[in-house]
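Peer 1: Just passing along the structure, written as structure tokens.
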Amino acid sequence: MSLPEHSPLGKPSAYKTEYDATLLFPIARQPKRTEIGLPAGKPVPFFGVDIWNAYEVSWLNMRGKPQVALATFIIPSDTPNIIESKSFKLYLNSFNQTKIASPEALQQLLHHDLSEATGGTVQVRLVTEADLGKQKMGELEGLLLDRLDIEVDRYEPAPDLLKADQQESPVEETLVSHLLKSNCLVTGQPDWGSVQIRYVGAPINQEGLLKYLISFRNHNEFHEQCVERIFMDVMRECKPVKLAVYARYTRRGGLDINPFRTNFNTPWPDNLRNARQ
């Protein structure tokens with residue numbers, strides 16, 4: 001099993017400029033799921049995707065002329081592995097001096113390599129120069145929790161802050177915060193994010209939810225793991241009937257990661273880059 005501490009994170013790296021699929025460093029999802037009470041071999045109470053956007057994709061055409069594109073990778077949450085982000089960056093950089101016959105050929109190669117590394121089927125979408133002007137931006141929709149004037153003194157995940165009034169009638173709400181910050185599991189570097197929580201169930205105390213989200217501020221965990229921890233904590237403490245958690249993290253190393261987890265059938269969220277991304 002590939003362990004995070006064996007990844008390229010936090011280590012000097014030689015930047016290869018010719019294609020090398022072995023640069024991808026998969027990390028098993030299960031150990032961190034075990035930490036949040038999801039044992040191996042049993043179904044998890046959510047499904048979803050990890051949406052990666054790459055802004056620094058370049059290769060050479062067959063005449064040696066550089067090409068550029070944006071890329072989106074959709075990795076199902078039921079794949080056994082995630083990809084460590086620095087290794088993903090190094091892998092993408094390995095195309096910089098590699099001749100590729102067409103964008104379609106690159107897309108097929110990316111699909112093959114990433115599907116093999118994650119152990120599932122990864123969707124790949126390329127946006128070439130001709131379509132760059134069509135890209136849109138947008139913010140997460142929902143009631144902004146950050147409007148609340150609260151006092152905060154806890155900066156490690158504190159699920160006991162989560163409360164829901166089970167005596168009240170169920171509500172359907174979408175709540176948003178831009179105050180999510182966690183830190184890389186290996187390097188401790190800050191990861192900044194916005195998070196949207198959609199639920200149906202007993203009303204969740206908004207001050208407690210905001211304090212809980214802020215409590216990740218000194219926590220070291222990868223993006224995908226933080227979102228799954230949030231999902232499980234809200235489910236256990238607030239017991240909603242339906243729950244969806246979507247986080248959009250700011251870019252690092254030319255990549256942003258946007259995990260989505262839900263326990264009900266709903267379309268995957270729009271992949272709209274927000275102002276901080």
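Heads up, the Cβ atoms here are built off N, Cα and C, so glycines get one too.
The substrate binding site annotation in Swiss-Prot covers Ile83, Glu84, Ser85, His223, Glu224, and the record cites sequence analysis as its basis. Swiss-Prot lists Ser85, Lys86, Arg252, Gly253 with the feature NADPH binding site, giving sequence analysis as the kind of evidence. Residues or ranges marked as active site, thioimide intermediate by Swiss-Prot: Cys184. Residues or ranges marked as active site, proton donor in Swiss-Prot (evidence: sequence analysis): Asp191.
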Peer 1: Going by Cα-Cα distance, which of the recorded positions (Glu84, Ser85, Asp191, Glu224, Gly253) sits nearest to Cys184 (active site, thioimide intermediate)?
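Peer 2: Result for Cys184 (active site, thioimide intermediate): the nearest of the recorded positions is Asp191.
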Peer 1: Under a criterion of Cβ-Cβ distance under 8 Å and sequence separation of at least 6, what residues of the same chain contact Asp191 (active site, proton donor)?
Peer 2: Lys181, Ser182, Asn183, Cys184, His223, Cys226, Tyr249, Thr250, Arg252
Peer 1: Could you round the CA separation between Ser85 (substrate binding site) and Gly253 (NADPH binding site) to a whole angstrom and send it over?
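Peer 2: Cα to Cα, Ser85 (substrate binding site) and Gly253 (NADPH binding site) are separated by 8 Å.
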Peer 1: Going by Cα-Cα distance, pick out whichever of the binding-site residues Ile83, Glu84, Glu224 is nearest to Gly253 (NADPH binding site).
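Peer 2: Ranked by Cα distance from Gly253 (NADPH binding site), first place goes to Glu84.
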Peer 1: Does DSSP give Arg252 (NADPH binding site) helix, strand or coil?
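Peer 2: The residue in question, Arg252 (NADPH binding site), is strand (DSSP, three-state).
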Peer 1: Of the residues named as NADPH binders, Ser85, Lys86, Arg252, Gly253, how far apart in Å are the Cα atoms of the most distant pair?
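Peer 2: Among the residues the record ties to NADPH, max Cα distance equals 9 Å.
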Peer 1: With an 8 Å cut-off on Cβ distance to the Ile83, Glu84, Ser85, His223, Glu224 Cβ center, who else from the chain surrounds the substrate site?
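Peer 2: Output for this site, in sequence order: Ile27, Asp50, Ile82, Phe88, Phe222, Ile257.
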